[in-house]
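J.: Quick one: structure below, then a few questions.
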């Protein structure tokens, strides 16, 4: 019963959104599916008929989610190690860049979708803490000859620790294993205040409208079966003025670097996957799925179609990774 | 089981000694080791403000006995495992008594 309801809801939402998209783009009553970017979907209503890509394979849409789930279930334990090995630690710089561009102020609420092991959320909380402490230091420095009363007040306010409790990070992922690994990591680091973990589908988020200040999805959106639905959901849960940020592998701009990158991707990464995680196929899927994902401009178009404004992207490491950002107005 | 507790104790004392710029949660840490159930409740109550049913977008009720989040309207219950609520509709359990005897989705 839940399944049929889901289909009904989905259809209803999809139809209403398609109408909105069509009027926005000015297309005269054409079925919206025609001008949608490179997913190669045949325009039939039955979900089972449609096919999509799983790496270089073509699979029915219903199967993609299951296979992606299996991939991440298999790699969850070694995920962080593999990230370091494959990117030679550079993924940390990419994620740090995301945080710097985000520049969150203390007190904001973050939704980290496809957050998996919680890299972004943990960095977010750290950043916000650091900002808070920097502010306090600045305030302390600017106070000229404070009285003992002021100093004792400062000490007492520090005890309240309202900073991280105001700032909230919610990690949402469809995969329980990844969340479990992430939660263990956070518990190991002793971070629990302001951090929550939820199993949820990016295409059907279990959150109400206008809830979050920032929505991030780092290296997850290419695994979503219906990217446009995920973007719609992102728009829905963000507050007006909220920011959508997406880190994802993209097309390398320099042709020489592109050749090196391709060679590295297809020769080295599955081998590393086999050696470190014992899973060649999952990492083969990884490099193939990167090739199937739309490039920077196309993805920017998709984000704009979903309803975001002021969409821009930053190329990192010569286009290996692109950071897309948009605002809900 | 003891190993994990010891391991956690060691890493946490390590963190505190190193003076890492994390918010000191030493009070919460020792409590957590002893009372897992209380910890689960704490997680839920703050999350309950944010969580809604992904299908109907209506607020949920936390049922402490079965450790589930219940949507009365649709008659479904989302399980909570290890303190993490599972909001995938396929993993939810039907609790309506008047539906036809269709096989309930497997509860993970």
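Every residue, even glycine, has its Cβ placed from backbone N, Cα and C.
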J.: Of the candidates A:117, A:253, which does TrEMBL annotate as part of the S-adenosyl-L-methionine site that also includes A:173, A:201, A:202?
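T.: Matched candidate out of A:117, A:253, per TrEMBL for S-adenosyl-L-methionine with A:173, A:201, A:202: A:117.
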J.: Can you identify, from A:60-86, A:87-113, A:141-167, A:222-248, the stretch that TrEMBL calls region 'Disordered'?
T.: A:141-167
J.: Below 8 Å between Cβ atoms and chain B: which of A:117, A:173, A:201 make it? I'm asking about the binding-site residues.
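T.: It is A:201, listed by sequence.
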J.: How do the residues of the compositional bias 'Polar residues' (A:144-156) split into helix, strand and coil according to DSSP?
T.: 9 helix, 0 strand, 4 coil
